[in-house]
């Protein structure tokens with residue numbers, strides 16, 4: 001760790017997960033990256049980089065540059081801390097508060113024996129993150145609108161059907177057949193969920209992972225997304241998952257990693273990017289407060305949703321091929337709704353599944369007042385996704401609470417269910433810094449589109465994040481690998497040692513023309 005940074009961060013601050021990055025040199029915030037390097041009495045490299053966004057992709061891109069001996073970079077982050085969609089919040093009544101994860105919560109796929117390790121798991125272990133295995137499939141209770149009903153056999157059948165779905169998708173890849181929706185895939189393997197119990201079970205297997213319905217999702221891409229993470233036969237990490245319980249927040253692992261190499265003037269916090277001007281000779285960034293930054297290269301790690309909503313203005317506008325790629329993928333929304341009660345009165349399993357007559361209506365429940373998580377906390381949460389997430393974001397907290405409590409009371413008809421003492425849910429889709437939770441691949445999104453999503457613009461503007469990962473889109477480790485890859489590529493450009501931009505496809509066309 002550089003001496004200037006070591007003196008800034010005491011061990012107690014690290015233990016708390018607090019990283020107070022703030023430029024200590026007056027006036028340097030508005031200078032070019034080269035000027036900032038000169039201000040700290042360090043020579044500028046043969047070029048400079050602005051890393052726009054301080055989530056996992058941005059921090060790992062910065063670390064990769066650092067490992068290549070490049071220090072002439074600045075992370076520009078809109079929030080007051082690093083972490084991006086690793087977003088924790090204190091929740092609970094006074095005296096009963098717990099730090100909970102509003103966004104990413106699990107390390108999905110860790111490591112099997114001496115096989116490949118999920119890099120998020122590696123960092124979590126390195127920085128002593130507190131986690132616990134979350135038993136999604138072996139510790140679950142089932143309910144419907146009449147109360148507790150045992151339909152575990154239907155639930156298990158849905159698990160088998162999902163396995164068949166991925167196998168059938170692999171066969172289509174081998175035979176070079178066209179993609180379709182996951183709903184098409186389910187229908188072709190004769191897995192047609194028609195009852196409330198079957199639809200809820202299918203939701204648990206599919207929507208709860210991809211945050212969208214089978215109708216909205218690619219059959220092939222959703223299958224490889226699952227296999228490359230969980231299936232060791234496909235190079236995956238394994239089917240284990242670890243839930244972060246760390247009271248410093250899940251974000252601690254990436255903040256602690258950043259603290260090992262970042263100098264204080266290499267990060268601008270509370271700095272929202274408003275405009276990016278680019279050309280083949282460099283990049284200029286204007287912040288919302290009027291400050292301007294210049295560099296030779298920029299790495300954009302904004303969420304797909306931010307790019308889709310034009311929250312950042314590009315000058316000149318991004319080329320048509322890039323814009324088509326951005327608009328063709330989907331930013332899905334995954335919403336956890338937290339409730340705290342005076343005491344626990346619900347199921348003793350870790351998970352519960354509620355089958356409503358309306359598919360996706362408050363289906364997946366988890367008890368945090370459990371011996372494996374936060375015993376005595378009185379906290380449970382329910383998850384909704386996709387269009388239902390957008391629906392509840394348009395309602396008041398009280399309206400959503402009333403609906404959730406109605407479901408909970410129908411699940412437990414023989415229990416006097418009190419009102420919660422604390423209630424909260426994040427509004428990811430409405431937040432201009434995110435515009436959703438993570439990306440999903442629709443069936444109309446082709447591999448060439450994805451190439452264009454990743455592709456460099458004018459040799460100076462680079463893109464990285466979970467959405468740009470073909471194998472791991474939607475996953476935290478996807479952001480890690482993309483940050484690392486782009487960091488390595490930009491480092492070569494800076495060193496003039498084989499700079500190779502990511503190419504684009506000028507027009508994405510059909511393999512064969514339509515016949516009308």
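Glycine too: its Cβ is placed from the backbone N, Cα and C atoms.
Noted in TrEMBL for the protein shown:
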- 1-24: signal peptide (SIGNAL)
- 56-490: domain 'Amine oxidase' (DOMAIN)
- 77, 78, 273: FAD binding site (BINDING)
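Looking only at the domain 'Amine oxidase' (56-490), the predicted model's pLDDT averages out at 97. Listed in chain order, the residues near the FAD site other than 77, 78, 273 are 52, 53, 54, 76, 79, 268, 271, 272, 287, 433, each with its Cβ within 8 Å of the site Cβ centroid. The maximum pairwise C-alpha distance among 77, 78, 273, the residues recorded as binding FAD, is 8 Å. Its own atom aside, the Cβ of residue 273 (FAD binding site) has 24 Cβ atoms within 10 angstroms in the protein chains shown.
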